[in-house]
């Protein structure tokens, strides 16, 4: 069992901020775990940042299982959280249970489900089975068509009510935490005060119990990022420069240099072995 558990995350509420980041493969998960992240999240955002999809709707269970397995192999300390992709739980509770079990078998410690009130039965069922669940309300990317695109949530009474209803339903169903995405900070603060489970914000201000960002966004892999993202590095420029330097040295014959390859120390020995090898080939 990994050091960080759902129980540990719950105990951090109001005491210690929760640091969560996405990771989609072995090396990124290894680095995230070494950095001391509390939660390493295999998000369906991989559809956009890894596979180049315009949204998350085309991400499959097979992709989520594949990437979860890679991440789980790398993480020793942090809690590994895996997203339930669009279409994997909406049809029925039974379908949701089956797919959640696939992610747990792949190495996840918990699953995340977008939505709250509408999926309370599934959350309750999973928790009873021993599968920890994190909810997600506010902007829910899997439902961006209904929301009219990616936009700030919580500006109307109805939206505030819906966000609160989702969070409270998740709490009652047994979820151990809830993501609040692209929600006005005042609303996120209200939700955080109204529920006993941790709130993890992404574009939801500072008055939450933790924060989550996408790996590629915070590391500056892509030029365009959501407005709520802080770039902690500009890896795109570093990687681009390294690749250009490599190409240049190959074209100019400067790579590999002497320290990057090996030769026979005894050239006469090489000549003897070369001649014997050539003779054997001629005899075939």
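Note: Cβ is positioned from N, Cα and C throughout, glycine not excepted.
Listed by Swiss-Prot as binding Mg(2+) are 44, 114; the candidate from 25, 33, 83 that the record includes in that site is 83. Taking the Cβ of residue 45 (3-methyl-2-oxobutanoate binding site) as reference, residues of its chain lying under 8 Å away and at least six apart in sequence are, in sequence order, 22, 56, 83, 141, 214.
Of the listed recorded positions, namely 44, 83, 114, 181, the sparsest Cβ surroundings within 10 Å are found at 181. For residue 112 (3-methyl-2-oxobutanoate binding site), the same-chain residues lying six or more positions away in sequence with a CB closer than 8 A to its CB are 41, 43, 81, 82, 83, 84, 133, 134, 135, 136, 179.
Same-chain neighbours of the 3-methyl-2-oxobutanoate site beyond 44, 45, 83, 112, judged by a C-beta within 8 angstroms of the site's C-beta center, are, in sequence order, 22, 41, 42, 43, 46, 56, 59, 64, 82, 84, 85, 114.
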